[in-house]
Every structure is written in C-alpha cells, then in structure tokens.
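Here the structure is laid out as structure tokens; the discussion comes afterwards.
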Amino acid sequence: MFWKFDLHTSSHLDTLLEREDLSLPELLDEEDVLQECKVVNRKLLDFLLQPPHLQAMVAWVTQEPPDSGEERLRYKYPSVACEILTSDVPQINDALGADESLLNRLYGFLQSTGSLNPLLASFFSKVMGILINRKTDQLVSFLRKKDDFVDLLLQHIGTSAIMDLLLRLLTCVERPQLRQDVVNWLNEEKIVQRLIEQIHPSKDENQHSNASQSLCDIIRLSREQMIQVQDSPEPDQLLATLEKQETIEQLLSNMFEGEQSQSVIVSGIQVLLTLLEPRRPRSESVTVNSFFSSVDGQLELLAQGALESTVSSVGALHALRPRLSCFHQLLLEPPKLEPLQMTWGMLAPPLGNTRLHVVKLLASALSANDAALTHELLALDVPNTMLDLFFHYVFNNFLHAQVEGCVSTMLSLGPPPDSSPETPIQNPVVKHLLQQCRLVERILTSWEENDRVQCAGGPRKGYMGHLTRVAGALVQNTEKGPNAEQLRQLLKELPSEQQEQWEAFVSGPLAETNKKNMVDLVNTHHLHSSSDDEDDRLKEFNFPEEAVLQQAFMDFQMQRMTSAFIDHFGFNDEEFGEQEESVNAPFDKTANITFSLNADDENPNANLLEICYKDRIQQFDDDEEEEDEEEAQGSGESDGEDGAWQGSQLARGARLGQPPGVRSGGSTDSEDEEEEDEEEEEDEEGIGCAARGGATPLSYPSPGPQPPGPSWTATFDPVPTDAPTSPRVSGEEELHTGPPAPQGPLSVPQGLPTQSLASPPARDALQLRSQDPTPPSAPQEATEGSKVTEPSAPCQALVSIGDLQATFHGIRSAPSSSDSATRDPSTSVPASGAHQPPQTTEGEKSPEPLGLPQSQSAQALTPPPIPNGSAPEGPASPGSQ
C-alpha cells in the first residue's frame with residue numbers, strides 16, 4: 001500500500017536521471033533506487049530497461065566478481081541488482097522473459113564446472129523463481145529445450161539454492177494442466193531415480209542430505225496436491241514412481257551395499273519414513289461435524305488415514321522386509337563412535353544418530369500392522385532390543401520417546417487386516433511383549449531400582465516419566481481395548497508373586513504418580529461469552545458435561561455480581577455529590593460479593609425504601625391539607641380559623657424539621673441561589689417603593705398568565721422570630737388592638753374598611769411570587785353587600801412573620817368566643833357557617849404571595865386597627881389604608 005498510493009517522499013533521482021553521462025553503478029549507489037523502482041518511476045524504469053543495463057545486472061547476478069575487487073562490486077551491486085530484477089515490476093518481468101539472450105545468460109550460471117558460489121546461487125534461484133511464477137510458459141518452454149537441465153540440477157544439488165529451484169519448479173506453477181506437464185516432463189527425465197543415485201557413498205554429505213530432502217518434499221507436495229485437487233486428470237507420476245518397489249529397492253541397495261556410510265543410511269531412512277507417514281484424510285471427509293465430534297471419532301479418522309497410508313505404501317513395505325535384518329544388525333553393532341564425556345559420566349559408545357533413525361524406522365514398521373512385516377520383526381526380536389536400548393541409555397529422551405510410542409502402539413494394535421473376523425487370532429505382538437520381552441518384570445525392576453538409587457541420594461532415572469506412561473498404557477489396554485481379554489489372560493499366566501507385585505504397584509506407586517501428574521499446573525480462568533457470541537449452529541454438538549456445569553456456574557456468578565454492582569455503585573440524588581473519600585471504595589466493595597442465598601437476610605435497601613415511601617406519602621398529605629384549606633376559604637372561613645390552620649402548618653414543619661411556610665419536598669442548591677437572588681432584587685425594589693411614600697399600592701396583577709386552580713397558598717421564607725420590625729416609611733405608626741392577624745392565606749377581616757387596588761402597577765413595582773396562583777377567571781364569593789367579581793389574581797395581604805407569630809401567640813392566650821364557636825374542635829378547621837373572608841371588589845388587583853424580609857414587610861405593611869381584643873402591635877394591613 002505504501003508503494004501503491006505513492007506515499008513516499010520525493011526523490012532526487014529524477015534530477016539525477018536527467019544527466020546524459022549517468023552510469024549504472026552510480027545509480028545503484030543511491031539509497032532510494034529500490035523504492036523508486038517499486039513505485040514504478042517511469043524515468044528510472046526507462047533507464048534500467050535499456051539492454052546494456054539489463055545485461056549488466058544479469059551479469060552481476062550470475063558472474064562471480066574477482067577477489068581483488070572492491071566490496072561494492074563484490075556484494076552491493078549484485079545484491080541491489082537481484083532486488084531490482086525480483087521486485088515484481090511487470091515491465092522488468094516482461095523484459096526478462098521476452099529476451100532469450102538474457103535467459104541464456106542466466107542459464108549459463110548452471111553450466112559452471114566447479115562448485116557454485118552460494119551467494120550467487122541464491123540470487124540466481126531467486127530470479128529464476130520470479131520468472132517461473134510470472135512468466136511460466138516462456139520459462140518452461142525455454143528449459144524444456146535444454147537437454148542438460150536436469151543433469152545440471154543434479155550436478156549442483158549439493159547447493160541448497162539449486163534444491164530450492166527444483167522445488168520452485170514443482171510448486172510455483174499455478175495452472176493444474178501446466179503443472180501436470182512439468183511433472184510428466186521431470187518424470188520422463190527420471191528425476192526421481194537420479195536423485196536416489198545421489199544418495200550413495202560416493203557422493204558427499206551435502207548431496208546426500210539435499211537429495212533426500214528433495215525426495216521427501218516431492219512426496220509431501222504430491223500427496224498434498226492429490227488431497228486438494230480431487231478431480232485431477234491423472235495421478236502424480238513422480239509420487240507413483242517413488243512408491244514403486246523397484247525404486248525403494250534401489251535406495252536400500254545404495255544404503256547397504258558396498259561401504260556403509262552413516263550419512264547415506266540416515267538420508268535413506270528419512271525417505272523411507274516419509275513414505276510410511278500416515279496420510280491426512282481427504283478434505284471431503286473433514287466436515288464440521290467430524291471436527292466437533294468426540295475424541296473417539298477423531299481417532300477413527302486417524303486410523304483410517306493410517307490404513308490408507310499402509311495400503312498405498314505396499315511397495316515400500318515389501319521392499320523393506322528383506323532388509324529388516326540389516327537394520328536390526330545396526331542396532332546390535334553400531335558404527336564406531338568416540339566415547340562422549342557427559343555431565344553425569346562417560347558415555348561409551350553413544351547411541352548415535354544412525355541407531356536413533358533405525359529405531360524410528362522399526363517403530364514405524366511395527367505401527368504399519370502388516371502381518372508379514374510384523375512376523376519378521378518379532379522373529380528378529382526387535383521389540384526386546386529396543387527395550388534394552390531404552391533402559392541402557394538412561395538420559396536419551398529422544399530414544400525414550402520413540403520406544404514408548406512403539407510399545408503403546410503395539411499394545412493397542414488390533415488383529416491384522418487379513419485375519420478372519422469369525423475366528424480372531426491372538427495378537428502376536430502383545431504376547432511377545434509380555435512373554436519374550438518380560439514387560440511387567442522390567443517395569444517393576446526398574447521402578448524398584450530407581451527408588452533405591454533415590455533413597456541413597458542419587459539422581460532420578462531419566463526414563464521414569466516414559467516408563468510411567470508405558471505402565472499406564474498397559475493398565476488402560478487391560479481394562480479397555482481390542483486386546484483387553486488377551487492382556488488379562490497373559491497377566492494371569494504370570495507367577496503369583498509377580499501378579500501380587502503388579503497389583504500392588506498399580507494400586508500404589510502408579511496410582512499416586514498418575515494422580516500427581518493429573519494436577520493442572522496452571523488454573524485457567526475461562527472467559528464468559530456474551531449472548532452476542534452465541535451461535536445456534538453450535539447447539540447441536542454435545543459438549544462434555546463439565547463444560548456445561550462450568551457455564552451454568554458462570555451464569556449464576558454473573559447474575560449475583562450484576563445485582564451487587566447495582567447495589568454498590570448506585571447513588572441517590574441527595575448522595576450523588578457525596579462520594580466516598582477513597583476512590584477505590586466501590587471496587588473494594590466488590591471483593592465482598594458473596595453467593596449466599598439465605599432468604600432471612602434483610603436487604604440493606606429496605607430501610608431506604610421505607611424512608612422514601614414515607615417521604616412521598618408525607619408530600620401527598622401536605623397537598624391534601626392545602627386543598628382542604630382552599631376549600632375552607634371558598635366556603636367562607638374566618639381570619640381566626642386561618643390562624644389555626646397556620647398552627648397546624650407550624651406543627652407539621654416542626655415534625656419534618658422544616659421552617660413554617662415551606663412545603664415538604666427536597667430542594668436543590670440552585671433553587672436556594674435563585675431565591676437569594678430574587679430576595680436581593682426585591683430588597684432594591686422595596687426600597688424604591690418606600691422612597692415614594694407609603695401610599696403606593698403594593699398589590700397589582702401578576703405579569704403573566706396564571707395556571708388554573710381554585711385557590712393559592714402563600715409561602716414565606718424563614719425569618720428569625722426575634723427580628724425587630726421597622727417603622728413605616730411615612731413615619732406614621734398606628735397601634736391597633738383586635739383579633740390577631742392570621743398566618744397563611746390572609747384575608748381582610750370582615751367589617752373593616754377596604755381600599756380599592758385598581759390602580760395600575762408602578763414601573764418599579766415589587767414582583768410577587770405565588771406557588772399556587774389562581775387564574776384571573778376564577779370567581780370569588782362576596783359577603784354582606786359585596787358583589788361577586790372576577791379579579792385577575794387572588795388578593796393577598798403581606799405582613800411580617802414576627803408580627804404574625806406575636807399575633808398568633810395572642811390568639812393562643814385570649815381566643816375570641818366567636819372563633820371558638822365556629823371551629824371544629826377535632827380538626828381545627830373552620831366549621832360550616834363561619835364568617836367568610838371579604839372578597840375583592842371590581843377592579844381590584846390581587847398581589848402574588850411573596851416571602852419578604854422582615855424589614856421590608858414592616859415598612860410596607862401595617863396591621864389594621866382591630867376593634868375587639870387586645871393584640872400586640874404589628875404592621876397595618878393594606879386593607880385599612
């Protein structure tokens with residue numbers, strides 16, 4: 001993408017390319033020449049694609065520079081030229097593939113008589129590989145014209161880069177038909193037979209190993225190709241040639257005839273092991289259901305693959321059988337090796353790579369379960385020899401792994417395929433292991449010897465882990481397996497003393513060791529999958545019961561944790577700003593989450609719910625009481641009865657811890673700040689009204705439309721009761737006596753003179769607030785000659801809190817007879833027929849209620865003279881003016 005979208009910085013190559021005397025070495029010295037080539041710089045490509053420059057780059061890649069040359073000429077220029085030629089630029093690929101002279105110059109590199117330079121060989125192989133991949137037709141047709149191409153490849157097969165070129169020729173051809181043509185061409189050139197000829201004692205070790213690796217890669221690639229391409233027109237000719245018995249016999253002859261070479265034996269065994277490898281099942285048999293099937297089903301698929309491999313490698317098995325004695329002799333008489341000094345002592349003679357590969361080959365031959373081959377191996381007593389090596393080389397874990405796998409396979413092998421199912425015969429391999437090899441006796445003796453050495457302070461035997469698994473395989477196949485009945489019978493045939501020792505060993509040391517080995521070293525925490533990750537297609541598979549139980553427990557755990565998180569991390573409105581002192585406190589609470597399901601445990605939120613419930617009920621009670629008072633006003637209650645209503649308000653406020661006149665309910669800091677700001681504005685407006693004189697009317701319509709409602713309730717801000725009252729602004733202070741002025745919804749006492757409030761409001765008039773304003777259209781009743789009017793707002797007189805409280809105390813001390821006669825003693829609510837408050841006349845404007853500071857209330861309002869009773873001094877009501 002970096003090159004595609006031209007995200008590189010600008011280069012000065014364009015300026016350099018404008019020079020007429022620019023040389024190719026000078027251009028290759030630039031650091032960004034490769035980047036500019038990959039982004040298809042037109043000027044640069046035009047310069048590089050000139051025939052002299054292309055020939056020079058091919059010469060750098062294929063011709064070895066002089067030893068006395070500069071380092072740039074020997075290493076830098078060939079490396080940069082190879083990168084440019086293999087940069088996969090279409091113009092360069094076309095130029096190389098279309099010019100046969102350049103291809104001949106490249107091909108000339110293989111015609112060198114001596115050994116090839118490994119660095120130049122890698123450059124040559126890389127350039128040829130990109131041409132095989134991009135210009136397949138041109139290059140294949142060019143190579144097929146060369147009669148000595150295969151001979152030259154085999155001549156330089158000792159160079160790893162040439163071996164890679166042969167593999168590129170087999171793998172980089174994408175079109176199936178063209179690849180089949182290449183395979184047939186190489187098979188006609190007898191590439192397989194010629195590679196086997198390279199595995200000969202007369203060749204060097206590099207040729208042995210590279211030729212063997214080439215044959216192994218051909219086998220694996222051909223089998224892989226057969227699996228991927230089901231409808232191939234014809235079988236792979238190279239693989240068919242390799243699996244022929246004649247080809248394997250030629251390989252075995254090179255290994256054992258004449259002077260034996262360890263390199264030849266090891267290289268030949270690698271080819272034989274590749275031929276005996278079990279094949280993978282075909283792609284059509286590997287479905288989703290088989291992938292999610294049980295372990296037994298997967299083992300059956302593997303067994304089928306091994307069976308197919310045995311059938312397809314019949315030629316190899318037949319060719320191998322006459323040479324088994326030669327391989328067994330290698331185990332008994334290994335090639336001469338020098339003793340090795342190990343950390344635990346002297347090893348003489350070492351096992352060696354040759355005998356290790358022989359053990360691998362014989363174990364693979366036993367796993368093939370071929371009757372003739374197995375009979376020959378048992379006749380040579382190969383399993384017993386392998387067990388001798390197992391216990392002799394105490395610390396060779398490579399050998400221990402091979403012998404353990406071989407013994408476990410022999411114990412679980414079924415009857416040979418050619419045996420009759422009606423009359424199954426005894427498995428000769430199992431009988432050979434327990435009788436000729438004395439497997440049980442060897443296990444018991446080695447275990448006791450290891451215990452004795454460890455008790456003396458010596459090291460533990462290196463094969464003890466593998467020996468434990470061999471003993472476990474024997475016990476498992478005795479309990480369940482194709483040879484279970486035969487194994488139980490063979491164990492019963494053991495001496496009685498040995499039977500008792502085996503039973504004690506199985507129930508004692510072996511059971512304890514297996515119990516220790518089954519403990520998980522790391523406890524894995526499975527992640528819970530969300531519901532979005534669930535797939536209905538996976539529900540049809542039967543997962544193990546442990547996984548189902550684990551998932552159920554995790555679901556239960558997540559449910560409990562979710563409820564705990566909600567309980568601990570939630571905040572009420574009042575507590576949201578009061579976070580815990582420690583930031584980690586909510587997370588510390590999660591550590592205390594338990595999974596207790598005790599039904600008797602009380603929920604910590606129960607008390608909180610009860611408090612919130614009572615608070616809500618109390619608010620509803622307040623609303624109902626206010627509605628009762630409003631109905632009482634509409635039915636004609638008196639001023640004295642309003643005082644009793646205010647008393648109930650004071651009592652309820654004391655119960656709730658709130659000042660009188662404030663409704664029950666939570667308030668926020670923002671509301672308190674708004675009230676303080678409005679009070680400051682009212683102070684300024686009240687001072688302006690007082691400066692103009694006391695005759696200024698203080699009641700006027702509210703500035704906006706009022707919501708509908710039958711009545712309204714006045715609210716007063718909390719004011720200290722001992723605050724002194726201020727004199728009137730006009731300087732005149734009238735002292736009156738009479739019934740006390742009521743608190744709460746105030747009305748002008750009956751029989752007192754009233755003043756019309758129809759004058760328009762002043763510009764700087766005081767803005768009054770109302771909690772429950774009454775709409776202008778609400779009709780009100782008038783008593784004793786007053787007519788019914790529809791004022792725009794309810795009428796309200798404003799007095800100071802201190803005077804009202806003093807008046808209220810006067811009522812408590814000297815109640816009037818008329819008040820007591822008209823009040824219901826049980827509810828303190830005015831009874832029916834009581835004096836109704838006077839209503840406003842036509843044109844009157846009723847002010848909205850407002851809780852003013854005490855000083856402003858005293859200056860603006862004075863109570864009217866009351867004819868009866870002796871009440872304390874207080875400000876006059878506006879109705880008396």
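Quick reminder: no glycine exception, Cβ is built from N, Cα and C everywhere.
Between Ser531, Ser670, Ser820, the residue that has phosphoserine written against it in Swiss-Prot is Ser531. Swiss-Prot records phosphoserine for one of Ser68, Ser419, Ser635, namely Ser635. According to Swiss-Prot, of the residues Ser202, Ser530, Ser667, Ser530 is the one noted as phosphoserine. Here the region 'Interaction with PPP6C' (10-403) has a mean pLDDT of 86 out of 100.
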